[in-house]
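Here is what Swiss-Prot says about this protein:
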- THR230, ALA231, GLU232, GLU282, SER381: L-serine binding site (BINDING)
- ARG259, ARG260, GLU261, GLU346, ILE347, SER348, SER349: ATP binding site (BINDING)
Amino acid sequence: MLDPSLLRSSPETVAAGLARRHFTLDVAALNALDQQRKALQIQLEQLRNARNEASRQIGQARRQGLDTGAMQAAAASNGEEIKTLEQSLERTLAEWDTLTIGLPNIPQDSVPDGRDEADNVVLRHWGSPSTFAFPPRDHVELGEALGIIDFAAGARLAGTRFVVLRGAGARLERALTQFMLDLHTTEHGYTEIAPPFLANADSLYGTGQLPKFEEDLFALRDDPYYLIPTAEVPLTNLLRGEIVASLPQRFCAYTPCFRREAGAYGRDTRGMIRQHQFDKVELVQIVRPEDSAQAHETLTAHAEKVLQLLELPYRVTALCAGDLGFSAAKTYDLEVWLPGQNQYREISSCSNFESFQARRLQLRYRAEDGKPQLVHTLNGSGLAVGRTLVALLENHQQADGRIRIPAALRPYLGGMTVIQA
């Protein structure tokens with residue numbers, strides 16, 4: 001949520017920032033509602049003052065034994081007028097909320113201009129795209145040949161965009177999850193959390209999924225819960241409504257994630273790249289505002305370390321203003337090389353939300369002057385486990401169809417060096 005005081009005092013500044021996203025703010029409507037609010041509040045204050053004065057005069061008249069009938073009638077009329085104005089103010093504030101709750105975050109000045117992913121800026125590469133002395137196969141062909149990926153079973157059990165991992169495939173997914181959690185907790189200083197996989201509407205509102213993205217969520221039919229689309233939701237909400245005594249706070253969690261992919265019809269229909277259910281290790285940091293820029297770089301480096309230890313070539317891109325997520329002020333994407341697709345694909349988004357989520361969450365700390373101030377929140381995937389499995393299969397495939405296990409992962413697979421049929 002954007003700062004209401006900024007929206008009221010400098011709507012043109014907000015409009016200019018949102019225009020970089022190619023989002024048009026209706027400044028005239030915003031100003032009209034604010035002027036209406038001010039006028040109603042002034043009228044209400046005057047009427048309430050008059051009511052208080054009338055009450056004082058009625059009390060004084062009664063003590064003097066005077067007739068107060070006319071005065072009481074006038075006070076009753078005043079009360080009805082106050083009630084009408086209060087209802088008008090309530091409607092005006094609701095209209096303001098409806099208009100402003102759908103406003104995305106303002107991009108940081110360092111975010112490149114652009115309309116969509118074609119305008120994102122590549123910042124750096126790690127490693128070179130894998131090359132082979134044979135035609136590389138994609139993870140679907142590799143996994144099915146090894147008997148470790150079963151899309152037919154996933155479709156039979158649930159439907160399209162589901163998969164079953166078997167044997168070494170299931171073990172590999174478990175090993176990747178454990179490897180990521182151990183790295184982030186023992187080397188990067190995160191506290192591991194085991195959260196619920198269901199969330200209420202308040203939690204999803206706090207992180208920005210509701211109300212705007214409800215169509216992409218799986219909702220329970222008879223209970224007021226949603227399946228979480230990412231562990232960002234429970235992790236960021238852990239301290240909702242609190243004044244945090246100590247910063248920074250770093251949380252990580254493994255969870256399955258559930259997404260309807262309502263806007264992805266026809267995209268990535270082959271393989272495990274886009275699933276309704278997928279596993280992910282999530283990183284969340286809660287920091288002081290002056291520390292959030294550096295925290296963003298640090299969090300991104302933590303996600304990069306996973307790829308480096310797994311010997312997976314990748315690149316880091318800065319998302320342009322038009323491609324930013326709704327709540328983000330700045331985002332880096334990590335894109336891993338997939339030989340089977342002959343292209344880089346996103347495997348992690350690392351974002352700084354500044355105070356956007358914290359304002360919804362009423363998540364604060366005490367500044368040096370003792371006054372509560374909003375924190376800044378950040379998160380990123382560290383990593384998406386299914387896409388990491390895909391990248392590992394494709395980048396470490398051998399000519400005979402076996403998969404080489406990178407050294408960092410072998411302790412989690414009982415010393416296994418290859419996966420083979």
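Cβ coordinates come from backbone N, Cα and C, glycine included.
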Listed binding-site residues THR230, ALA231, GLU232, SER381; those within 10 A of SER348 (ATP binding site), CA to CA, turn out to be SER381
Which whole number of Å gives the largest C-alpha distance between any two of THR230, ALA231, GLU232, GLU282, SER381, the residues noted as binding L-serine? 9
ARG259, ARG260, GLU261, GLU346, ILE347, SER348, SER349 bind ATP per the record; greatest CA separation between any two, in Å, is 19
Alpha-carbon distance [ARG259 (ATP binding site); GLU232 (L-serine binding site)] in Å: 14
Name, in the order they occur in the sequence, the residues of the same chain whose CB lies under 8 A from the CB of ALA231 (L-serine binding site) and which sit 6 or more residues away. ILE193, PRO195, ALA253, TYR254, THR255, CYS257, LYS280, VAL281, GLU282, VAL284
What does DSSP say about SER381 (L-serine binding site): helix, strand or coil? strand
Binding-site residues near THR230 (L-serine binding site) (Cα-Cα within 10 Å), from ARG259, ARG260, GLU261, ILE347, SER349: ARG259
State the Cα to Cα distance, in Å, between SER381 (L-serine binding site) and SER349 (ATP binding site), rounded to an integer. 6
